[in-house]
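Before any comments, here is the structure.
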Amino acid sequence: MKRISLTQHLVEEQRLHNTIPAELRLLIEVVARACKTISHAVGKGELGDVMGSAGSENVQGEVQKKLDVISNEILLLANEWGGHLAAIASEEMEAIYPIPNRYPMGEYLLLFDPLDGSSNIDVNVTIGTIFSVLKAPEGMKNPTEKDFLQPGSKQVAAGYAIYGPQTMLVFTTGNGVQGFTLDREMGSWIMTERDMHIPDDTSEFSINASNARHWYPPVKRYVDELLAGQTGPRGKDFNMRWIASMVADLHRILTRGGIFMYPADAREPDKPGKLRLMYEANPMAFVIEQAGGAATDGKQRIMDIQPDKLHQRVAVFIGSKNEVERVTQYHNT
Ligand code: AHG
């Protein structure tokens, strides 16, 4: 494959295919630059004084790690001055962050989970950053939370950076999914995956099985059938992987197929799952669908859900199409 940089890819998309307007190109470059900085901080670990708890809680009542706070700050500072954004929302901030008056206001809204997989930070396991881009509503003057409450189908770009053995940036602007590896010596993103595609079928699934006793019947039935292996109704063996960083689990699925599930369960009947619709489920659903996969909340397509809260949670079934369709069908019968 011809090795091209992120900048060249974006310029060519803009010039040749007209799929990326100039402001969106700038936005993606700025997010990519911020992720480079986060990758650097992550890589320093204890040497950079970035490990451990920040001694604060986020809006979900979760203890924030220092790296959650640092990554949030890096993304805010990188994005506020470029003139491409109207406002920012983050999983780590209760309220939206309108672009300060001293900077010009752009036409996009940026949402992110600055550091996904927080429980893996201190144990040197892969983590990531997830981002989603929406267009600000026509004629919007002073952005409010309401302006962000658009279904995932309205996203104009989404993706993630994964901080693993290699740092990669994977994203879509609605024209397939491309992956870039960070060349650490040169400091540039180089395309290493073109038009990523998820096989429709898989023999691998991903779920936190320690919650099995709380699962509702459709999930229990589906997983029991997978576990029954060759002699069960599915007639084949399934393998299981659970990294506990959505970015890492979905990157594996994007690379070789699989299904990832974080269902609602009986522990908290009022809560529709753990993951956040706007910061995790929607952007990942956009990427996975663009790669030929599917994403539902067990009943309906994730990207069709009309959000009513910025920090709304949702059940997630995402990955290889035929498996997502099967578990969704179990919920709907
Ligand atoms: P966080 O927002 O705290 O980083 O949560 C991580 C998410 C997701 O990345 C992962 O798949 C899931 O939580 C893991 O949950 P369990 O700890 O329940 O396994």
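Glycine is treated like the rest: Cβ placed from N, Cα and C.
Taking the domain 'Fructose-1-6-bisphosphatase class I N-terminal' (5-193) as a whole, pLDDT averages 93 in the prediction. Taken from TrEMBL, the feature domain 'Fructose-1-6-bisphosphatase class I N-terminal' applies to 5-193.
Residues annotated as Mg(2+) 1 binding site in TrEMBL: E91, D113, L115. Sequence-distant neighbours of L115 (Mg(2+) 1 binding site) (same chain, six or more apart, CB under 8 Å from its CB) are I38, K65, L67, D68, S71, N72, I121, I127, G128, T129, listed in sequence order.
Annotation comment: TrEMBL describes D113, D116, E280 as Mg(2+) 2 binding site. In the three-state DSSP reading, E280 (Mg(2+) 2 binding site) counts as helix.
Mapped onto three states, the DSSP output places D116 (Mg(2+) 2 binding site) in strand. Under 8 Å, Cβ to Cβ, and six or more positions away along its own chain, D116 (Mg(2+) 2 binding site) finds I127, G128, T129, I130, Y160, S245, M246, V247, E280. Residues annotated as substrate binding site in TrEMBL: D116, G117, S118, S119, N208, K274.
According to TrEMBL, the domain 'Fructose-1-6-bisphosphatase class 1 C-terminal' annotation covers 198-331.
Checking the binding-site residues D116, G117, S118, N208, E280 against ligand 1 with a 6 Å cutoff on the Cβ atom leaves D116, G117, S118, N208, in sequence order. Here E91 (Mg(2+) 1 binding site) is positioned 15 angstrom away from S119 (substrate binding site), judged by their C-alpha atoms. Look at the domain 'Fructose-1-6-bisphosphatase class 1 C-terminal' (198-331): DSSP puts its residues at 59 helix, 23 strand, 52 coil. Cβ atoms within 8 Å of the centroid of the Cβ atoms of D113, D116, E280 (the Mg(2+) 2 site) belong to the same-chain residues E91, F112, G117, G128, T129, I130, Y160, M246, V247, L275, R276, Y279, P283, site residues excluded.
S118 (substrate binding site) sits 12 Å from E91 (Mg(2+) 1 binding site), taking the CA atoms of both as reference points. Comparing N208 (substrate binding site) with D113 (Mg(2+) 1 binding site), their Cα atoms are 20 Å apart once rounded.
What surrounds the substrate site, by Cβ distance within 8 Å of the Cβ centroid and not counting D116, G117, S118, S119, N208, K274, is the set N120, A244, S245, M246 from the same chain.
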